[in-house]
Structures are given as structure tokens and as C-alpha cells.
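J.: From Swiss-Prot, here are the annotated features:
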type: ACT_SITE; residues: ASP136; note: active site, proton acceptor
type: BINDING; residues: ILE18, GLY19, ARG20, GLY21, GLY22, MET23, ALA24, ASP25, VAL26, LYS42; note: ATP binding site
type: DOMAIN; residues: 12-273; note: domain 'Protein kinase'
type: DOMAIN; residues: 366-433; note: domain 'PASTA 1'
type: DOMAIN; residues: 434-505; note: domain 'PASTA 2'
type: DOMAIN; residues: 506-577; note: domain 'PASTA 3'
type: DOMAIN; residues: 578-651; note: domain 'PASTA 4'
type: REGION; residues: 541-561; note: region 'Disordered'
type: TOPO_DOM; residues: 1-342; note: topological domain 'Cytoplasmic'
type: TOPO_DOM; residues: 364-659; note: topological domain 'Periplasmic'
Amino acid sequence: MIQIGKIFAGRYRIVKQIGRGGMADVYLAKDLILDGEEVAVKVLRTNYQTDPIAVARFQREARAMADLDHPHIVRITDIGEEDGQQYLAMEYVAGLDLKRYIKEHYPLSNEEAVRIMRQILLAMRLAHTRGIVHRDLKPQNILLTPDGTAKVTDFGIAVAFAETSLTQTNSMLGSVHYLSPEQARGSKATVQSDIYAMGIIFYEMLTGHIPYDGDSAVTIALQHFQNPLPSVIAENSSVPQALENVIIKATAKKLTNRYRSVSEMYVDLSSSLSYNRRNESKLIFDETSKADTKTLPKVSQSTLTSIPKVQAQTEHKSIKNPSQAVTEETYQPQAPKKHRFKMRYLILLASLVLVAASLIWILSRSPATIAIPDVAGQTVAEAKATLKKANFEIGEEKTEASEKVEEGRIIRTDPGAGTGRKEGTKINLVVSSGKQSFQISNYVGRKSSDVIAELKEKKVPDNLIKIEEEESNESEAGTVLKQSLPEGTTYDLSKATQIVLTVAKKATTIQLGNYIGRNSTEVISELKQKKVPENLIKIEEEESSESEPGTIMKQSPGAGTTYDVSKPTQIVLTVAKKVTSVAMPSYIGSSLEFTKNNLIQIVGIKEANIEVVEVTTAPAGSVEGMVVEQSPRAGEKVDLNKTRVKISIYKPKTTSATP
């Protein structure tokens, strides 16, 4: 155990322990040489540091991994020894291993399972071309990054544990579920052994569980080369036959029926979901041939001698003549060969009978291995009664949607019906939660959180509910604006159909319109609706005789400007107001009628504020009735409501006739 916070090997600051394998501990560390980059440091456990076989295997496999530079293989960055401790540093993959991912998301959609398996195959193709067989492929040794990239790790390093401690049977349970039939018989692992393991992993991705299980490694290993592979389609009806055929061929028990290389499997897998293979027949192999069978080793002498001896009964004839009696040391002539052969045969036969009897006695002392009854279609109560009657215990109850099985009835058992298990084994029940489809409602205008909760209640997986945000000034943040599947659509839970909800979010930018000529009250209301703060809308009034009061004459910023409502930018609107003062026109030389009409109708002076006076003196050339003076004078400001205008009209004096 390395102390947390310690600087290991002069460059790795240990942050925490993140894993513990069969022979090594794994720590998250920061590489001080690479500016604190996070790495995973695997250290051979103390009790293996003195084992030359374990150390040699650890080093050999670490170097082999270091040669595998591939985007789908965990990269080795450093190999070394520190204070007698063998270690290797590798890239840190922040994500889940495939085992946990399957547990949380099973069954995976066909497309996702194919995508992940293609990545694993690409990684193993490189390894196999370099002469490296993994020997321990399982979901726990496949890591998934947050973006869904698969990375294979632990290239056979854990095999050193099996080599140096063969008696640790329980430690093999993690891998025996993916063990090829030839490995179970004791043969050497090959490229096709890795292919078999990938077939089992593929089965698990599409069904959510392993095909073979049991109480011991031996029981599971026997199933790998004795029991046919359970149907994938029976477990997951959405899987097409062409895709199941890939698994059937990858897990064929005879090597001659199995894919010869990962490239061959990759090509077949790549077209398994294509339209051209939609009517493919189920692949069936004759697995009865014994060509791949390996002869089991003979029973050792120590085993035979452990069988209790039985004293043979012999017939003693009376000796008529005592002198003819002989002692043990007395020489006796050998019996004829034929007689000796018969005696040996009888002794061998008796020994075999004793061995058989001993085995029967031993087996009778152990719990019987019996087939799990088929309880599919039964109610939970009926299934429990049937299993208890067969001397099985009841395990967990899980629910699963089903179009075929009525709600509350059994879909299947785990392990499956017909599988051999010992009495007392716990059998899990998979119970139908009802049909796999429902009608899509109208979600527009509703809160997205309520819609998501409703979809989850209807068993739609989280990864199939996609939220896309869109800025909106009209709708409250979090409100559903659009939905990808229209109201009334029948949604099939068995298919990985994505539901896309477009949800409103607070808009931060708007496009300013052309507000000139519009009423200022309407424009201010519109800007407020678009979340423009009221204190940033400035109104400036300007007198205008051409525009109706309240009408916008100018704006800043101009029309079409992108305005960020999160920034304190002021919008200035120049609004027309009624004219209250004007410059006094010049009316000198005009007639009284014209002057009054112009002042009232054009300038806006009230008639009551116009005073007309007559004067008798005027500039030369003036005619009667002409304006000769005005007050205010031309150009002076006139308040239309207050100023009195005085107009002087020339009226010459009349001269009386002299008598």
C-alpha cells in the first residue's frame, strides 16, 4: 500500500487508490514532470514482488502493452521499479468500465453495442498482429471515456496471478465467465480464444447478463464446452438475426466454426445491421464433433491408493497331512499365466467398482445439480412456489417491459430455465412491467423537468432523452418549445429512439428593429418583453410640427444592431412632442387677412392672442391695410400659449376738403 500524498518514483504524486486487481494495486497520481497530468499507476502487490515468475510476467506484459499505440488501447507511459516495487504508469481514463456501464444501461441499443465492439476489435487486431493474445478479455478490462470511446487494458498481466497460484480458484471467477472452451479444457489460449471472449462480451451488452453462470469456476467452465449458447433474440427481440449470427459464430465451440481472425469478425459485424441482411437465417453449427476434444489426464496413483482397502476373502482347504503345510518363506511354484491374468482382471474390476462406489457416495453427500424449471408466463407467486418445490431459493425480482408477457407475470429467470444449478441456489425473477409502447403527448409549453420525469416514469432511458436549448424572449426559461416526435406518435421502448426536446433558455442577445415612426409606448413594452432593463431605455423628447406627439423620430443603436441584454448598453429613443414655441415669421408688407390666417393656422397662435392696431404713419411706399409693424419681431421665439402678437396696420389720415 502506497501512502496517499507520497511522491512515488520521483515524479508521481499519489492522489488516491482507484483499483485493486488480482496481483496489483492501482492509484490515481499526478505526473509532476508533465505539469500535473493525471495518470494511473499500477504497482505489483508486495507479496508478488519476490516471486520471479510474477515479476517477469508483469514486466514482459507491461513492455508488450507499451508497444501497442492505439486510440482504443490504454497507453503505457512509464515502466520501472521503485524500492523493489515493480510499477507501470498509464493514461488515466476518467469514466466507467464496460461491466458497470452495461449494468446501468442494459440492454444497450444495437447501434451502440456494435460501435463499442468495433472499437474493441480494432484494438485487438493491432495486438494480434503484434503476436499478443490478451487471454483475459472481459468487460472489467474495457474502459469507456465520457464521450463513449472504448479502451482495452490489462493485456494478460493478471494471468501471472493464475500462473503462480493455481490453487486460488475463486480468483478466477471474474474471468471464467468469458473463458473459451479450449481454455476450459486446458489448451493454450489463441487469437480465437480472444474472439470467443469478445462474443460473450457482445452477448452481455445486448442482454444485460452473461450466458453461463454457476457456483464454482468448474461449473461455469463445463457449461462453456457443454451447453449451447442461449438465444440472444429470446432475451432481446430488437436484435436482428444477422447480429445474433455474429455472436453465434464468435462463440462457436469448435475452432473450425469460429472466426479465424478479428478482421473477419469486424467485416461481418460491420454489415450486420444493413438492410441487405434483414432476412438472414439463423446460423446453426454441428458442435457434436470431438475434433477439438482434449483427453483428460489419467488418475494419479496417489488418488488410487487413497481408496480404502478391502480384505479379499479366500477359501482355505483343510490340510490333510500337516507335514505338507508350508510357511510364508516356503517356496511355492507360480500359478499358470492364464490364472494370473484372471486374478489381475478380477482385482482391477473390484478396484473400479470401489472407485465408482466411492464417487457415488461422495456425490450423494453434495447438493444435487438439477435443471431450473421454466416458469415463464406464471405469476410471481406461482413461480416462487414452482422454484421452491424444486428446492431452489428465491433471489431478486427485477421488472422489464414486454409486449408479449402480461404485466406481473414472469418473463424469464436468471439463470435461465433449463440451466443446471445446485439445490438451494438463489434464482432471480424478471417480471413483466407491461407493454413496451406508449403514446407521445403534447409537451410544448410544459416545464421540461415535468416532461422528463413523465418520460422516465414510462421507462424511457435517460440516454434517449435529449435536451437542446434555444434562446427565447417569449417563453420562460425551461419551457418546452418544440418536440421531435409529434403528439400521438406510438413510442416503442424496445427501440432506441431518441426524444429531442427543444427547451427555452434566457436570451442574452436580440436584434433591434426599426422603431422610427412607431409609437414610443409600444416600442418600450416590446423591449421590456425582450428583457431589456427599463433603466437602459432612455426617452428624449423633441418638438416637431411634422410628427404626431409620441412618435419615435430617431433611435440609437440603429435598426438591425445585435443587442446584448446582459450588458448595460443604453437604448436612446427620440420622441416627437407638440411644438410650444416657434420663431416669429416676418409679416411686414403682408395684408392683414394673410397675416391672421398664417398666425392661426400655420404658426399656431390663438386668435385671442392676436391684437391688431391701426397706425397713421408708415414708411414711404406703404399702402393702406398693409402690415407695417409687428411684435414680436421676425425671428424672435414665440410661446404659442402665452405670447400676445401685435400687428400694426397702416391707416392713413383722412384730410377734410377745404371749403
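Positions of Cβ are set from backbone N, Cα and C atoms, glycine also.
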J.: Most CB pairs under 8 Å with the domain 'PASTA 1' (366-433): which of 12-273, 506-577, 578-651?
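T.: By the under-8 Å Cβ criterion, the domain 'PASTA 1' (366-433) pairs most with 12-273.
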J.: Got a sec? Which of these binding-site residues, ILE18, ALA24, VAL26, has the most Cβ atoms within 10 Å?
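T.: The residue with the most neighbouring Cβ atoms within 10 Å is ALA24.
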J.: Starting from the Cβ of ASP136 (active site, proton acceptor), draw a 10 Å sphere and report how many other Cβ atoms land inside it.
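T.: 24, counting other Cβ atoms within 10 Å of ASP136 (active site, proton acceptor).
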J.: Reported as an integer number of Å, what is the Cα distance between ALA24 (ATP binding site) and the residue listed as 'active site, proton acceptor'?
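T.: That comes out at 15 Å between the alpha carbons.
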J.: Quick one: give me the count of other CB atoms within 10 A of the CB of GLY22 (ATP binding site).
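T.: I get 20 for this one.
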J.: If I take the Cα of ASP136 (active site, proton acceptor) as reference, which of the binding-site residues ILE18, ARG20, GLY22, VAL26 has the closest Cα?
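T.: Checking each of ILE18, ARG20, GLY22, VAL26 against ASP136 (active site, proton acceptor), the shortest Cα distance is to GLY22.
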J.: Treating G and I as helix alongside H, and B as strand alongside E, what does DSSP give for the domain 'PASTA 4' (578-651) in helix, strand and coil?
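T.: When I sort the residues of the domain 'PASTA 4' (578-651) into the three classes, I find 15 helix, 25 strand, 34 coil.
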J.: With DSSP as the reference, give the number of residues of the region 'Disordered' (541-561) in helix, strand and coil.
T.: 0 helix, 9 strand, 12 coil
J.: Compute the average pLDDT of the predicted model within the domain 'PASTA 3' (506-577).
T.: 88
J.: What does DSSP assign ILE18 (ATP binding site), in three states?
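T.: The three-state answer is strand.
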J.: Tell me which residues of the chain lie with their Cβ under 8 angstroms from that of ARG20 (ATP binding site), as long as they are six or more apart in sequence?
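T.: In sequence order, VAL26 meet the Cβ cut-off.
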